[in-house]
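Listed features, source TrEMBL:
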- 34-119: domain 'Pyrroline-5-carboxylate reductase catalytic N-terminal' (DOMAIN)
- 216-239: transmembrane segment (TRANSMEM)
- 259-283: transmembrane segment (TRANSMEM)
- 261-406: domain 'Ferric oxidoreductase' (DOMAIN)
- 304-325: transmembrane segment (TRANSMEM)
- 360-386: transmembrane segment (TRANSMEM)
- 398-419: transmembrane segment (TRANSMEM)
- 431-454: transmembrane segment (TRANSMEM)
Amino acid sequence: MCHRGKKTPERVMEKTCADEFPLTVDSSEKQGVVCIFGTGDFGKSLGLKMLQCGYSVVFGSRNPQVSSLLPRGAEVLCYSEAASRSDVIVLAVHREHYDFLAELADSLKGRVLIDVSNNQKMNQYPESNAEYLAQLVPGAHVVKAFNTISAWALQSGTLDASRQVFVCGNDSKAKDRVMDIARTLGLTPLDQGSLVAAKEIENYPLQLFPMWRFPFYLSSGLCVFFFVYCAIREVIYPYVTGKTDSTYRLVVSIPNRVFPITALTLLALVYLPGILAAILQLYRGTKYRRFPNWLDHWMLCRKQLGLVALGFAFLHAIYTLVIPIRYYVRWRLRNATITQALTNKDSPFSSSTAWLSDSYLALGILGFFLFLLLGITSLPSVSNMVNWREFRFVQSKLGYLTLVLCTAHTLVYGGKRFLSPSILIWSLPSAYILALIIPCTVLVMKFILIMPCIDKTLTRIRQGWERKSKYAQSTLNGKSDI
């Protein structure tokens, strides 16, 4: 058998009785006989699951006399005898052990041969294992399936996280039989087309966070940049000019600046590709041209960007909560109190400062609340419960409102110091001013796009209108071809 790790698909699309009792149901309805070549972990786990779902299972082994720990009720025979017992054969062995199949080519002719193998690394061979198998046994109907399901999930019954089964093959009837087996096992088969798709299916379990790489790299780059930027202003500058040791700021103060800046920047980058796509459609006058690959990939990563941004917002909230218990903060408050007592002076109450402070906190709380709402709505278990219009309202309308509130939170934080020359250190502005560049740009561009004169044209383009098409010209002339 081929060892495989646990996979976590995006959606659970079907429910059967196996959801409630995945490995304890003893079905009295016989489904037929299935042969499994290979008595390793995956072969044994799949055989046990099939037995519990009503199938009769025959194992084929090179050493049937020494095979042990197999499910009770299953037979163990040599390959040739096992193959003669069923017209559906599951091949649960590594590709390097396929050679024995050449001797069985005649007995496998016309049978459904299910390849469940995976490789050790992506694109390990020129062709997929399933295509190689089809060349090795040309008379069999080879179907690729079950390679995204782990032996552990089959044994433990925790299939909720790995229920999808990608299926491909050149024979439609053979694929239908394999998909029927998958449904009987409580799985969700997804038809991926012909056997050409097998290479992609085999690469799928080997991918390591493919849609998360760009968000991780981008967020890491932003964190490093802003951390170094803040360290120059708040640690290196005081030491160079006054020999003051401010390295303690590297632990809490600077991270508590970096995290919200990164969160706000990433949130703005979630909505920026949609704006760029709208501008491209307006420029081209049609929606029927592909976006550049970089923009297409960026748009596909928006969910992951938003979730990473939410993570940084969480860190900012936690770091802010510990501010009152920091030694530096308590020291400053104690010294200020003692100084006021000794000088018999107090600071006058400033109504404008109170307004700014309360507004800053209120905007941050509301923005964080909506941020959480966006993150919760993006979860598959929640998004499956809302229709497209509701999902779009939350992710688009409330998403932009979240961006407005978080941007306003940062603007109010700067207050009167926003454009003051006194905040410049070595001609470097505060980091929060840099954090406002992308969000403000996104909001301004969005405001321009929702202007009626532009939004009307963009809506028509997205409904299929083309600026240079014959239909568009006839519409402008008051005539319609439809």
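Just so you know, glycine gets a Cβ as well, placed from its N, Cα and C.
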Could you please provide the mean pLDDT value for the domain 'Pyrroline-5-carboxylate reductase catalytic N-terminal' (34-119)? 88
Do any residues, 6 or more residues outside the transmembrane segment (431-454), come within under 8 Å Cβ-to-Cβ of it, and if so which ones? 226, 229-230, 233, 257-258, 260-261, 264-265, 267-269, 271-272, 275, 278-279, 282, 400, 403-404, 406-407, 410-411, 413-414, 418
Across the domain 'Pyrroline-5-carboxylate reductase catalytic N-terminal' (34-119), DSSP yields 27 helix, 21 strand, 38 coil
